[in-house]
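Q: According to Swiss-Prot:
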BINDING   19-26, 81-85, 136-139  GTP binding site
BINDING   T26  Mg(2+) binding site
DOMAIN    10-204  domain 'tr-type G'
REGION    19-26  region 'G1'
REGION    60-64  region 'G2'
REGION    81-84  region 'G3'
REGION    136-139  region 'G4'
Amino acid sequence: MAREKFERNKPHVNIGTIGHVDHGKTTLTAAITNVLAKKGQAQAQDYGDIDGAPEERERGITINTAHVEYETDGRHYAHVDCPGHADYVKNMITGAAQMDGAILVCAATDGPMAQTKEHILLAKQVGVPALVVALNKCDMVDDPEIIELVEMEIRELLDSYDFPGDEIPIVQVSGLKALEGDSEWEGKVEELMKAVDASIPEPEREVDKPFLMAVEDVFSITGRGTVATGRIERGKVTVGEEVEIVGIRDTRLTTVTGVEMFRKLLDEGMAGDNVGLLLRGIQKEDIERGMVLVKKGSITPHTQFEGEVYVLKKEEGGRHTPFFAGYRPQFYIRTTDVTGQITAFTADDGSSVEMVMPGDRIKMTGELICPVAIEQGMRFAIREGGRTIGAGVVSKIIK
(Lines of atoms letter the chains of each structure in order from A and count residues from 1; the text may use other names and numbers.)
(Lines give C-alpha, C1' and ligand atoms only; values in the text may rest on other atoms or scores of the structure.)
Protein backbone atom coordinates (compact mmCIF):
# COMPACT_ATOMS: atom_id res chain seq x y z
CA MET A 1 0.00 0.00 0.00
CA ALA A 2 1.34 3.43 -0.90
CA ARG A 3 2.22 5.66 2.03
CA GLU A 4 -0.29 8.35 2.79
CA LYS A 5 0.94 11.77 1.76
CA PHE A 6 0.88 14.38 4.52
CA GLU A 7 -1.69 16.90 3.29
CA ARG A 8 -0.64 20.44 4.03
CA ASN A 9 -3.98 22.12 3.59
CA LYS A 10 -4.18 23.56 7.11
CA PRO A 11 -1.64 25.45 9.20
CA HIS A 12 0.24 23.18 11.61
CA VAL A 13 0.59 23.99 15.33
CA ASN A 14 2.42 22.06 18.09
CA ILE A 15 0.75 21.99 21.49
CA GLY A 16 0.78 19.93 24.66
CA THR A 17 -1.01 19.38 27.95
CA ILE A 18 0.79 20.56 31.09
CA GLY A 19 -0.24 20.68 34.76
CA HIS A 20 -0.17 18.87 38.10
CA VAL A 21 -0.05 15.09 38.36
CA ASP A 22 -3.55 13.48 38.45
CA HIS A 23 -5.34 16.64 37.34
CA GLY A 24 -6.46 14.78 34.23
CA LYS A 25 -4.05 15.74 31.43
CA THR A 26 -4.07 12.33 29.76
CA THR A 27 -7.83 11.81 30.16
CA LEU A 28 -8.45 15.22 28.61
CA THR A 29 -6.07 14.43 25.73
CA ALA A 30 -8.02 11.20 25.09
CA ALA A 31 -11.31 13.13 25.30
CA ILE A 32 -10.11 15.66 22.70
CA THR A 33 -9.31 12.85 20.23
CA ASN A 34 -12.66 11.16 20.88
CA VAL A 35 -14.74 14.31 20.47
CA LEU A 36 -12.91 15.31 17.28
CA ALA A 37 -13.07 11.72 15.95
CA LYS A 38 -16.86 12.06 15.82
CA LYS A 39 -16.33 14.85 13.28
CA GLY A 40 -13.77 12.78 11.37
CA GLN A 41 -10.91 15.05 12.52
CA ALA A 42 -8.94 12.60 14.67
CA GLN A 43 -8.44 8.95 15.48
CA ALA A 44 -10.07 8.18 18.82
CA GLN A 45 -7.54 7.11 21.45
CA ASP A 46 -8.24 5.86 24.93
CA TYR A 47 -6.36 6.60 28.15
CA GLY A 48 -4.22 3.47 27.87
CA ASP A 49 -3.01 4.31 24.35
CA ILE A 50 -1.69 7.65 25.52
CA ASP A 51 -0.53 6.65 29.00
CA GLY A 52 1.71 3.87 27.71
CA ALA A 53 4.01 6.42 26.11
CA PRO A 54 7.12 4.90 24.57
CA GLU A 55 10.56 6.03 25.70
CA GLU A 56 12.44 8.37 23.40
CA ARG A 57 15.98 9.61 23.50
CA GLU A 58 16.68 13.26 22.96
CA ARG A 59 20.21 14.61 23.40
CA GLY A 60 21.16 11.51 25.35
CA ILE A 61 18.25 11.80 27.77
CA THR A 62 15.44 9.26 27.99
CA ILE A 63 11.98 10.81 28.01
CA ASN A 64 8.51 9.26 27.90
CA THR A 65 6.21 11.22 25.61
CA ALA A 66 2.94 10.42 23.88
CA HIS A 67 2.23 12.08 20.55
CA VAL A 68 -1.29 12.39 19.18
CA GLU A 69 -2.49 14.34 16.19
CA TYR A 70 -5.86 15.81 15.33
CA GLU A 71 -7.50 18.57 13.36
CA THR A 72 -9.97 21.33 14.08
CA ASP A 73 -11.86 23.18 11.35
CA GLY A 74 -8.96 25.56 10.84
CA ARG A 75 -5.80 23.77 11.93
CA HIS A 76 -3.78 20.59 12.16
CA TYR A 77 -2.33 19.90 15.64
CA ALA A 78 0.45 17.71 16.97
CA HIS A 79 -0.17 17.26 20.71
CA VAL A 80 2.27 15.93 23.31
CA ASP A 81 1.38 14.50 26.70
CA CYS A 82 3.91 13.17 29.22
CA PRO A 83 3.15 10.57 31.89
CA GLY A 84 5.50 11.81 34.61
CA HIS A 85 6.52 15.18 36.01
CA ALA A 86 10.22 14.53 35.38
CA ASP A 87 9.36 13.82 31.73
CA TYR A 88 7.84 17.29 31.41
CA VAL A 89 10.89 18.96 32.86
CA LYS A 90 13.20 17.07 30.51
CA ASN A 91 10.89 17.51 27.54
CA MET A 92 10.55 21.25 27.91
CA ILE A 93 14.22 21.88 28.62
CA THR A 94 15.58 19.71 25.80
CA GLY A 95 12.95 21.01 23.39
CA ALA A 96 12.18 17.41 22.43
CA ALA A 97 8.62 18.58 22.04
CA GLN A 98 8.66 22.18 20.94
CA MET A 99 5.37 23.77 21.92
CA ASP A 100 3.78 26.72 20.15
CA GLY A 101 1.29 26.82 23.00
CA ALA A 102 0.00 24.65 25.83
CA ILE A 103 -3.24 23.60 27.49
CA LEU A 104 -2.75 24.04 31.24
CA VAL A 105 -4.93 21.44 32.94
CA CYS A 106 -6.00 22.29 36.48
CA ALA A 107 -8.55 20.33 38.51
CA ALA A 108 -11.41 22.42 39.89
CA THR A 109 -11.46 20.03 42.86
CA ASP A 110 -7.90 20.96 43.92
CA GLY A 111 -7.06 24.30 42.36
CA PRO A 112 -3.47 25.11 41.43
CA MET A 113 -0.91 22.79 43.06
CA ALA A 114 2.91 22.63 43.19
CA GLN A 115 3.42 21.28 39.68
CA THR A 116 0.79 23.63 38.24
CA LYS A 117 3.11 26.43 39.32
CA GLU A 118 6.23 24.63 38.23
CA HIS A 119 4.86 23.97 34.74
CA ILE A 120 3.77 27.61 34.30
CA LEU A 121 7.26 28.71 35.36
CA LEU A 122 8.84 26.19 32.98
CA ALA A 123 6.60 27.34 30.14
CA LYS A 124 7.73 30.91 30.81
CA GLN A 125 11.42 30.02 31.02
CA VAL A 126 11.57 27.89 27.89
CA GLY A 127 9.50 30.35 25.90
CA VAL A 128 6.09 28.69 25.38
CA PRO A 129 4.32 31.73 23.91
CA ALA A 130 0.68 31.14 24.89
CA LEU A 131 -1.52 29.16 27.26
CA VAL A 132 -5.18 28.16 27.45
CA VAL A 133 -6.56 26.80 30.74
CA ALA A 134 -8.73 23.69 30.92
CA LEU A 135 -10.42 23.74 34.33
CA ASN A 136 -10.98 20.00 34.61
CA LYS A 137 -13.25 17.80 36.78
CA CYS A 138 -15.92 20.54 36.86
CA ASP A 139 -18.58 17.81 37.01
CA MET A 140 -17.40 17.10 40.56
CA VAL A 141 -17.89 20.65 41.87
CA ASP A 142 -21.50 21.67 42.54
CA ASP A 143 -20.82 25.15 43.86
CA PRO A 144 -20.21 27.75 41.10
CA GLU A 145 -18.56 30.02 43.68
CA ILE A 146 -15.79 27.48 44.24
CA ILE A 147 -15.14 27.35 40.50
CA GLU A 148 -15.03 31.14 40.42
CA LEU A 149 -12.47 31.21 43.26
CA VAL A 150 -10.27 28.62 41.55
CA GLU A 151 -10.42 30.64 38.31
CA MET A 152 -9.34 33.79 40.16
CA GLU A 153 -6.49 31.89 41.78
CA ILE A 154 -5.31 30.57 38.39
CA ARG A 155 -5.45 34.05 36.82
CA GLU A 156 -3.40 35.54 39.68
CA LEU A 157 -0.89 32.72 39.35
CA LEU A 158 -0.54 33.29 35.59
CA ASP A 159 -0.06 37.01 36.21
CA SER A 160 2.68 36.33 38.74
CA TYR A 161 4.65 34.50 36.01
CA ASP A 162 4.12 37.29 33.46
CA PHE A 163 1.42 35.56 31.44
CA PRO A 164 -1.64 37.76 30.69
CA GLY A 165 -3.87 36.21 33.39
CA ASP A 166 -6.91 38.34 32.58
CA GLU A 167 -6.89 37.50 28.88
CA ILE A 168 -6.11 33.77 28.92
CA PRO A 169 -9.29 31.76 28.31
CA ILE A 170 -10.36 29.36 31.07
CA VAL A 171 -12.76 26.68 29.85
CA GLN A 172 -14.66 24.46 32.29
CA VAL A 173 -14.36 20.84 31.20
CA SER A 174 -14.69 17.26 32.37
CA GLY A 175 -12.35 15.02 30.43
CA LEU A 176 -13.87 11.92 31.99
CA LYS A 177 -17.50 12.82 31.23
CA ALA A 178 -16.59 13.82 27.67
CA LEU A 179 -14.78 10.51 27.25
CA GLU A 180 -17.91 8.70 28.49
CA GLY A 181 -19.85 10.41 25.69
CA ASP A 182 -21.87 12.90 27.79
CA SER A 183 -22.96 15.42 25.14
CA GLU A 184 -22.91 18.48 27.44
CA TRP A 185 -19.27 17.84 28.34
CA GLU A 186 -18.36 16.91 24.78
CA GLY A 187 -19.56 20.39 23.86
CA LYS A 188 -17.17 21.83 26.45
CA VAL A 189 -14.22 20.04 24.82
CA GLU A 190 -15.25 21.61 21.49
CA GLU A 191 -15.37 24.98 23.24
CA LEU A 192 -11.86 24.33 24.60
CA MET A 193 -10.53 23.60 21.11
CA LYS A 194 -12.16 26.77 19.76
CA ALA A 195 -10.30 28.70 22.49
CA VAL A 196 -7.04 26.97 21.50
CA ASP A 197 -7.66 27.85 17.83
CA ALA A 198 -8.33 31.47 18.73
CA SER A 199 -5.70 32.21 21.37
CA ILE A 200 -2.65 30.15 20.48
CA PRO A 201 -1.01 32.12 17.68
CA GLU A 202 0.14 30.37 14.54
CA PRO A 203 3.94 30.06 14.66
CA GLU A 204 6.04 31.91 12.14
CA ARG A 205 7.17 29.32 9.62
CA GLU A 206 10.87 28.46 9.85
CA VAL A 207 11.29 29.29 6.18
CA ASP A 208 10.19 32.91 6.76
CA LYS A 209 12.90 33.56 9.37
CA PRO A 210 16.41 34.83 8.51
CA PHE A 211 18.71 32.15 7.05
CA LEU A 212 20.84 30.01 9.39
CA MET A 213 22.76 26.79 8.79
CA ALA A 214 25.07 25.17 11.34
CA VAL A 215 28.20 23.82 9.63
CA GLU A 216 28.59 20.06 10.05
CA ASP A 217 31.38 19.32 7.61
CA VAL A 218 33.77 21.17 5.29
CA PHE A 219 35.64 19.96 2.23
CA SER A 220 37.30 21.46 -0.82
CA ILE A 221 36.48 20.63 -4.41
CA THR A 222 39.47 21.13 -6.72
CA GLY A 223 38.89 23.98 -9.11
CA ARG A 224 35.63 25.01 -7.46
CA GLY A 225 36.42 26.00 -3.91
CA THR A 226 35.24 25.21 -0.40
CA VAL A 227 31.93 23.53 0.42
CA ALA A 228 30.23 23.64 3.84
CA THR A 229 27.52 21.07 4.50
CA GLY A 230 24.71 21.01 7.04
CA ARG A 231 20.98 21.18 7.56
CA ILE A 232 19.37 24.57 7.01
CA GLU A 233 17.76 25.37 10.36
CA ARG A 234 15.68 28.28 9.13
CA GLY A 235 15.11 30.67 6.26
CA LYS A 236 16.38 30.16 2.74
CA VAL A 237 19.55 30.86 0.80
CA THR A 238 19.91 31.62 -2.92
CA VAL A 239 22.87 31.33 -5.26
CA GLY A 240 24.68 34.68 -5.39
CA GLU A 241 23.60 35.73 -1.89
CA GLU A 242 26.06 37.15 0.65
CA VAL A 243 26.18 35.29 3.96
CA GLU A 244 28.23 35.63 7.14
CA ILE A 245 30.32 32.93 8.78
CA VAL A 246 29.78 33.39 12.53
CA GLY A 247 31.29 31.85 15.67
CA ILE A 248 34.60 30.56 17.09
CA ARG A 249 36.66 33.12 15.09
CA ASP A 250 35.99 36.61 13.72
CA THR A 251 32.87 36.95 11.59
CA ARG A 252 33.60 36.84 7.83
CA LEU A 253 31.52 37.66 4.78
CA THR A 254 31.32 35.35 1.76
CA THR A 255 29.09 34.73 -1.26
CA VAL A 256 27.23 31.47 -1.89
CA THR A 257 28.19 30.45 -5.43
CA GLY A 258 26.37 27.12 -5.44
CA VAL A 259 23.70 25.17 -3.54
CA GLU A 260 23.75 21.40 -3.87
CA MET A 261 21.40 18.74 -2.51
CA PHE A 262 21.56 14.99 -3.24
CA ARG A 263 24.25 15.74 -5.87
CA LYS A 264 21.88 18.06 -7.72
CA LEU A 265 22.37 21.79 -8.16
CA LEU A 266 19.61 24.03 -6.85
CA ASP A 267 18.83 27.73 -7.16
CA GLU A 268 18.01 27.91 -3.47
CA GLY A 269 18.01 25.83 -0.31
CA MET A 270 15.34 26.18 2.37
CA ALA A 271 14.63 25.27 6.01
CA GLY A 272 14.87 21.51 6.52
CA ASP A 273 17.14 20.84 3.51
CA ASN A 274 20.48 19.06 3.97
CA VAL A 275 22.73 20.95 1.58
CA GLY A 276 26.28 21.71 0.54
CA LEU A 277 27.00 25.41 0.01
CA LEU A 278 29.91 26.44 -2.21
CA LEU A 279 31.56 29.55 -0.73
CA ARG A 280 33.56 32.12 -2.67
CA GLY A 281 37.07 33.07 -1.50
CA ILE A 282 37.06 30.82 1.56
CA GLN A 283 39.84 28.31 2.26
CA LYS A 284 39.06 24.97 3.89
CA GLU A 285 40.94 26.09 7.02
CA ASP A 286 38.84 29.28 7.34
CA ILE A 287 35.68 27.43 8.32
CA GLU A 288 34.97 24.54 10.70
CA ARG A 289 32.23 22.48 12.26
CA GLY A 290 30.38 24.52 14.90
CA MET A 291 30.38 27.77 12.97
CA VAL A 292 27.11 28.93 11.41
CA LEU A 293 26.33 30.47 8.04
CA VAL A 294 23.72 33.19 8.44
CA LYS A 295 21.91 35.97 6.66
CA LYS A 296 24.17 39.02 6.79
CA GLY A 297 23.67 41.06 9.98
CA SER A 298 21.09 38.71 11.51
CA ILE A 299 23.12 37.30 14.40
CA THR A 300 26.13 38.11 16.58
CA PRO A 301 28.27 35.64 18.50
CA HIS A 302 28.26 35.65 22.31
CA THR A 303 30.29 34.20 25.17
CA GLN A 304 28.14 34.76 28.28
CA PHE A 305 24.60 33.60 28.88
CA GLU A 306 22.11 32.44 31.49
CA GLY A 307 20.43 29.07 31.12
CA GLU A 308 17.87 26.75 32.67
CA VAL A 309 19.50 23.37 33.12
CA TYR A 310 18.41 19.86 34.04
CA VAL A 311 21.32 17.83 35.42
CA LEU A 312 21.07 14.11 34.70
CA LYS A 313 20.78 11.56 37.47
CA LYS A 314 23.39 8.83 37.83
CA GLU A 315 20.84 6.28 36.48
CA GLU A 316 20.40 8.41 33.37
CA GLY A 317 24.10 8.24 32.59
CA GLY A 318 24.94 11.50 34.35
CA ARG A 319 27.57 12.33 36.95
CA HIS A 320 27.78 10.37 40.20
CA THR A 321 29.02 13.34 42.21
CA PRO A 322 27.99 16.98 42.63
CA PHE A 323 29.71 19.93 40.95
CA PHE A 324 30.44 23.43 42.22
CA ALA A 325 30.69 26.95 40.78
CA GLY A 326 33.71 27.15 38.48
CA TYR A 327 32.95 23.73 36.97
CA ARG A 328 34.35 23.50 33.39
CA PRO A 329 32.39 21.18 31.10
CA GLN A 330 31.85 21.24 27.34
CA PHE A 331 28.73 22.95 26.03
CA TYR A 332 27.42 21.14 22.97
CA ILE A 333 25.86 23.90 20.88
CA ARG A 334 24.20 22.95 17.57
CA THR A 335 27.02 20.89 16.01
CA THR A 336 30.02 21.23 18.28
CA ASP A 337 31.45 21.11 21.80
CA VAL A 338 32.73 24.42 23.15
CA THR A 339 34.62 24.50 26.44
CA GLY A 340 33.09 26.80 29.00
CA GLN A 341 32.61 27.41 32.67
CA ILE A 342 29.56 27.45 34.90
CA THR A 343 30.49 30.55 36.85
CA ALA A 344 27.41 30.75 39.09
CA PHE A 345 24.11 29.00 39.74
CA THR A 346 20.98 29.10 41.89
CA ALA A 347 18.18 26.65 42.53
CA ASP A 348 15.34 26.92 40.06
CA ASP A 349 13.30 29.20 42.32
CA GLY A 350 16.25 31.58 42.68
CA SER A 351 17.35 30.47 46.16
CA SER A 352 21.09 30.02 46.61
CA VAL A 353 22.71 26.58 46.61
CA GLU A 354 26.31 25.56 47.33
CA MET A 355 26.54 22.66 44.91
CA VAL A 356 24.61 20.93 42.16
CA MET A 357 23.58 17.31 42.59
CA PRO A 358 22.73 14.85 39.80
CA GLY A 359 18.95 15.18 39.17
CA ASP A 360 18.80 18.90 40.09
CA ARG A 361 17.27 21.64 38.02
CA ILE A 362 19.19 24.92 38.16
CA LYS A 363 19.53 28.39 36.71
CA MET A 364 23.13 28.94 35.70
CA THR A 365 25.47 31.54 34.24
CA GLY A 366 27.82 30.13 31.64
CA GLU A 367 30.90 31.59 30.00
CA LEU A 368 32.39 30.13 26.80
CA ILE A 369 36.08 30.33 25.87
CA CYS A 370 35.23 31.52 22.34
CA PRO A 371 32.23 33.41 20.96
CA VAL A 372 29.51 31.25 19.40
CA ALA A 373 26.17 31.99 17.73
CA ILE A 374 23.91 31.42 20.74
CA GLU A 375 20.39 32.82 20.93
CA GLN A 376 17.68 33.07 23.55
CA GLY A 377 15.52 29.94 23.54
CA MET A 378 18.26 27.81 22.04
CA ARG A 379 18.91 24.32 23.44
CA PHE A 380 22.31 22.95 24.41
CA ALA A 381 23.75 19.90 26.11
CA ILE A 382 26.40 19.90 28.83
CA ARG A 383 28.98 17.18 28.28
CA GLU A 384 32.00 15.78 29.98
CA GLY A 385 34.36 13.56 28.00
CA GLY A 386 31.78 13.03 25.28
CA ARG A 387 28.88 11.95 27.49
CA THR A 388 25.88 14.14 28.24
CA ILE A 389 25.53 15.13 31.88
CA GLY A 390 22.90 17.84 31.50
CA ALA A 391 20.56 19.61 29.12
CA GLY A 392 19.72 23.28 29.00
CA VAL A 393 18.01 26.14 27.28
CA VAL A 394 19.43 29.67 26.94
CA SER A 395 17.15 31.98 28.91
CA LYS A 396 19.12 35.21 28.47
CA ILE A 397 22.17 36.50 26.60
CA ILE A 398 24.52 38.53 28.81
CA LYS A 399 27.43 39.38 26.50
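All residue numbers here begin at 1 and follow the chain in the order shown.
Backbone N, Cα and C define each Cβ position, glycine as well.
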Q: What subset of the binding-site residues C82, H85, C138 lies within 10 angstroms of T26 (Mg(2+) binding site) at the C-alpha level?
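A: Candidates kept after distance check: C82.
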Q: Which entry in the list of binding-site residues, K25, H85, has its Cβ near the fewest other Cβ atoms, using 10 Å as the limit?
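A: Checked K25, H85; of these binding-site residues, fewest Cβ neighbours within 10 Å: H85.
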Q: How do the residues of the region 'G2' (60-64) split into helix, strand and coil according to DSSP?
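A: Breakdown, helix to coil: 0 helix, 4 strand, 1 coil.
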Q: Enumerate same-chain residues with a sequence separation of six or more from G19 (GTP binding site) and a Cβ-Cβ distance below 8 A; give 'none' if the list is empty.
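A: Correct list: K25, L104, V105, C106, Q115, T116, H119.
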Q: Write out how many residues of the region 'G4' (136-139) are helix, how many strand and how many coil, based on DSSP.
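A: Residue counts in helix, strand and coil order: 2 helix, 1 strand, 1 coil.
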Q: Taking 10 A as the limit, how many CB atoms besides its own sit near the CB of C138 (GTP binding site)?
A: 23
Q: Have a look at the binding-site residues (D22, T26, C82) and report the one with the fewest Cβ neighbours inside 10 Å.
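A: Counting other Cβ atoms within 10 Å of each of the binding-site residues D22, T26, C82, the minimum falls on D22.
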Q: Could you tell me how many residues in the region 'G3' (81-84) are helical, how many are strand and how many are coil under DSSP?
A: 0 helix, 1 strand, 3 coil
Q: Quick one: what's DSSP say for H85 (GTP binding site), helix, strand or coil?
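A: Looking at the DSSP assignment, H85 (GTP binding site) belongs to a helix.
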